[in-house]
Amino acid sequence: MKINKNNYFKIIIFIIYVIINLINASDNVKLSNCGQARAEPTFKQSENGGQCQLPPPSIGTAALSLSAFNGGARCGQCYELTGPLGKTVVMVTDGCNSGEACTQKDLFNFIISNKDFDKIGNSSSYVNIYSLGYQEVSCGFLGNIKIKFGGSLGHNGKVDYSYYFTVSFSNFNIGIKQVQILGTGMVSYMKLKRSLGGFTWNQESGGSKLQFPATLVLTGVDGQIISYKFRQPPANIAIDMKKQFIPQVGLLSSKFNQSEICGMGNVPEYIYEDSLTFGWIVSNSWRFNVFNLSSQDTDDNPTLGESVIKMDLAANGGLAFTREGGFQTKYLESLKVMIKVLPPTNSLQCFFGASGIYVIPGPLGGDWQEISIPISVLKPQKVEYSLSFYNNQGQSITMWIDNIKWIFSPEAPPTPLIITDPTVTPPPLPQSIVTAAAGVVGLNSIGITSNKGGVANLVDGSSNDDDGTGGTGGGASNKVGKRVDGEDGDNFMGGNNAFSYYNDDNSSNILLFSFNITLTFLLLSLIINILLLLF
């Protein structure tokens with residue numbers, strides 16, 4: 001049978017569509033830049049789909065802190081989490097609302113299973129990762145989006161969608177930002193109200209009742225738009241939509257560099273400044289007699305704050321600052337400390353981990369002095385868990401210490417420590433904190449506190465819009481959504497603003513990205529050759 005040229009073009013387009021779907025569906029394509037959050041493990045998994053009421057996915061699940069969960073707005077979204085031991089991808093299926101970690105509004109808190117936690121950390125050694133790196137990614141599910149309808153029972157005992165109906169989705173690769181409907185006889189699309197993991201429509205006073213056929217329009221968090229035309233559907237049955245969000249990567253438009261790999265979050269600039277910053281503990285210190293974390297022995301020194309640490313260290317005793325879940329040392333250049341010691345000593349050591357050999361140059365005496373320790377002399381591992389000051393002599397000393405501060409390398413990102421929503425753009429930063437050394441905020445036991453320079457806190461930059469536009473999150477412009485099915489997207493806007501945090505080295509992911517680019521170019525080359533043969 002002879003195939004005409006039009007059929008050749010249809011075959012080529014079909015091949016392109018299939019290959020792009022296979023490439024992108026199997027990858028976790030980046031949908032945001034990197035942020036920092038916190039993670040904790042749990043033995044109890046969400047049952048019955050959690051608050052999102054989603055079917056159990058093929059990947060791990062997560063419950064988000066109350067403000068991050070945002071009333072279910074992040075149901076079904078997937079995130080790649082980075083800890084000291086590796087990475088894992090989880091899908092949001094639930095929220096949590098009890099306990100400080102769940103109710104604070106300053107940072108994302110991921111509650112994940114012990115199994116998933118142990119892919120990135122060690123649940124038998126610590127129960128938090130305070131410097132968690134995270135990034136929204138496509139879920140990598142195969143197949144199409146599934147849709148399920150529900151309505152009210154009519155007088156005949158059958159489901160009636162005329163005045164009220166619900167709709168829920170599953171197996172979507174990109175989070176759903178909003179859903180709109182246009183029924184027969186309606187003059188314009190109507191936005192459905194989100195109800196945790198589902199969406200609800202009610203006939204408005206004086207409005208038209210829902211008549212079929214109708215069209216649903218789904219807008220993804222990346223601005224993509226899918227339309228679904230349907231006649232009256234059966235209730236409570238999962239229906240294959242025959243469509244899927246396609247992550248935009250390769251030759252398709254993507255505002256996120258797929259070769260940039262997120263690492264763990266940076267530590268706060270200060271370990272101690274009047275108080276311990278968020279995530280640091282001193283309970284692993286040893287052989288001491290007096291330990292005061294808020295001593296007033298400042299000697300009216302103008303370079304000190306209101307409080308200092310005072311510690312009577314016995315012979316071979318140590319002050320240990322420990323951070324659960326570890327911290328990366330990649331961007332640490334030096335450590336600065338204000339310190340005085342009585343009696344004077346030449347035997348105070350500083351090291352990462354359990355032991356070390358670096359001796360702080362002395363003598364350290366009864367006058368306050370600032371010391372600077374190059375991180376390189378401490379022989380750091382890629383990820384460390386503690387920093388200690390050790391009295392390596394046979395007699396006791398009294399040590400006062402304050403303003404324990406990291407100095408970051410020029411390559412360190414000049415952004416705030418906490419990015420609670422990496423898909424939006426934050427307010428402009430004060431000029432005083434643009435440098436790497438000053439661009440990290442201090443934290444208290446709950447979350448963010450402002451540093452001396454001041455940092456604008458960003459909890460959620462998305463707007464609760466009713467017109468189909470995306471959250472500006474500080475003024476960045478929105479972009480017109482792109483329909484997957486090829487229809488015009490003139491009346492639908494998808495906000496997808498973001499900003500950079502930091503990168504880490506990951507050659508395997510870079511190779512995977514390079515492979516996808518290479519495959520895309522090979523595909524184009526094949527198409528060009530076919531066209532040359534045809535013409």
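Every residue gets a Cβ built from N, Cα and C, even glycine.
Swiss-Prot lists a disulfide bond between CYS139 and one candidate from CYS52, CYS75, CYS78; that candidate is CYS78.
In this structure, CYS139 (disulfide bond) belongs to neither helix nor strand by DSSP; it is coil. Annotated pair ASN292 (N-linked glycosylation site) and CYS139 (disulfide bond), C-alpha to C-alpha distance, rounded: 48 Å. In the predicted model, the topological domain 'Extracellular' (26-514) shows an average pLDDT of 79. Using Cα positions, the member of the recorded positions CYS34, CYS75, ASN122 nearest to CYS139 (disulfide bond) is identified as CYS75. If you measure from the Cα atom of CYS78 (disulfide bond) to that of CYS34 (disulfide bond), you get 13 Å.
Comparing CYS75 (disulfide bond) with ASN122 (N-linked glycosylation site), their Cα atoms are 27 Å apart once rounded.
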